[in-house]
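> Before anything else, here's the structure in question.
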Amino acid sequence: MKVLVVEDEKGLAESITDYMNKEGYLCETAGTFREADERIYLYQYDCVIVDLTLPDGDGFQLIQTLKKLLATTGVIIISARNALEDKIRGLEIGSDDYLTKPFHLSELNARVKSLIRRRNFGGHTEIRFREIRVNPSSRKVYVNGQLAVLSRKEYDLLLYFLSNIDVVLTKVSIAEHLWGDNIDSADSLDMVYSHIKNLRRKLLEKGGSDYVSSVYGIGYKFGEP
Amino acid sequence: MKLLAKTNRIYLAFSLAIYLFAGLAFYQVVRILIYNEVETRLKVEKRDFEAYLKQHKAWSDTTYFVENKIDVVPVGRQTRLSETFIDTLIQNRYDQELMPFRQLTFYVPIKGVMHRVSIRKSLIQSYQLIEVITVTMAACLGLLLLGTFWFQGKLSGRLWLPFYESLSRIKRFNLASATPLQLDKPEINEFRELNEVLRKMGDKMQQDYRSLKEFTENASHEIQTPLALINAKVEQLIQSEKLTETQTRWIEEIYQASRRMARLNQGLLLLAKIDNQQFTDNQAVDLAALLAEKLGAMDEVLHHKRIAVKIGNLVPFAIQLPPALADSLVTNLVNNAIKHNHAEGRVELRSDGKNLSLGNTGHALVSNPERLFERFKKEGSGPDSVGLGLAIIKEICDTYGLEVQYDENNGWHRFGISRKVNEE
């Protein structure tokens, strides 16, 4: 899987690249419009993460070029502008997702994964982690072959965990993933806790192991115990 | 007081003073002239009288048949020899009317006896003359006064016209709009210069205003990227397994602070955008339904805080609002109702089509309710609150012709939204 990160802020591009590399993607960066333009002509990418405001050009133009060259490439816009018009325009010219800065790397990662899943397999692929099996098209979760009945939020939470295995996820990022930006954080953090508790219980009930661990109160991690 | 009224008033007072003074002076001059004339004639008659005496050595009244013309009285002793002019009134022979006369009195010896001789001349005609002259004068001066007054008014009105025109345009001038201040170029230098200066000032003000707004917006945008960087680095940092608990707590605090800053920034940016009227895609939205929907979406939080929601009679409350702002409005209202609620509290939504109200139970307000809608006014100092929610609600309402009110009653906090009564 090849991912191109088009972002002029070096530190941010680096963080995204690091994160993606850890997830097993081959990740490249382009800091300017020209560089990015050159790269999309030369190579093929599965997913391109584009910042809209580049020092020497407009991200939208880049997406348009990209879509002309290879329509199957997934596009995720990351922008400091939180304007509805930008989101609509982005979708109109063929981008798949829009993230407003500042965003969580784990969120970006989850979106990239979901995008690639949709692109490559039309969503008809199962996500497996040990004894846990998730069918994204039917939104069903099986543990040891047994169906675990999860609420919508619990399902979203599990998928978020599965997209970020062995990664510490902050409570805030989980809350925002589940309820969006507008959620009031004080209440939502409690709610995150109760959802995690329920998810854990339901997975354990079906004979699964406990993969969720709490990290110093800052967040949670899903992975090998 | 208007400038024209003021000048007219001063002009009127001044002209009246001049008019009175001129009138009196004229009257005096005419009077003096007439007296001089009468007195000269009286002196001539005195010479005639003396000539007659010299010739005839005696005096007979018959020479003068006209009544009261001359009066010759013998006086015993020689009292005064000087001649004097006096004004006197003498009764008319026929109708007993008192008539004004000028009288010259002098003393003359006739046949060795000193006589006092008084020669008189009627002033009646002179007085009539004075009257006629005075009246004519008064009329002329009055007409002149009225005429100049009228002319002055007309002239000032016309001269000051460019000034009033500029004034009304400045009044209509809107700093926030894109149209510059348009002023005429009148032919009067002073006004032209004034307009020139005003136009420059207007342009400068608009430019400053615009750049200030752009600054707010750009600054907010620029802040988002470093914030994203902090967030990303923190996220990477917490993946490290060598962190101690204290270090994690510090990181957590950095993280919280950056989140808070991001929210703050987004709030300010939204306010700036509403201010700049960057939302233009007005659509008909039913706020009552949106609020009910939002309460439904927040079901989980409400459930978590054990808050009971009661949706009363819900008549649609349709208004024109950009959808993004409608969403922001209801989100902030609902968030506010939940945040400032206590556990096992209640939320109540009502709409009668004219007034939309969202009430919530909660602790009594600590801060001044009048200042509740100001930016950065916070009830308590929760780290998750940035104090912009109500300011955003107010800004949206103000910009789109709505009125938002807050009242507190019996532990209920109610926000009412109604359409602003058109002031024009």
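Easy rule for this one: first residue shown is 1, then count along the chain.
Every residue, even glycine, has its Cβ placed from backbone N, Cα and C.
Quick paste of what TrEMBL says about this protein:
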type: TRANSMEM; residues: B:12-34; note: transmembrane segment
type: TRANSMEM; residues: B:129-151; note: transmembrane segment
type: DOMAIN; residues: B:218-424; note: domain 'Histidine kinase'
> I need to check the long-range neighbours of the transmembrane segment (B:12-34): which residues 6 or more away from its ends have a CB within less than 8 Å of a CB in the stretch?
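Result: 123, 126, 129-130, 133-134, 137-138, 141-142, 145, 148-149.
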> Under 8 Å between C-beta atoms and at least six residues away from its ends: which parts of the chain pack against the transmembrane segment (B:129-151)?
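Beyond its ends, the transmembrane segment (B:129-151) has Cβ neighbours at 8, 11-12, 15-16, 19, 22-23, 26-27, 30-31, 34.
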> If you average the pLDDT over the domain 'Histidine kinase' (B:218-424), what number do you get?
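On average, pLDDT over the domain 'Histidine kinase' (B:218-424) sits at 84.
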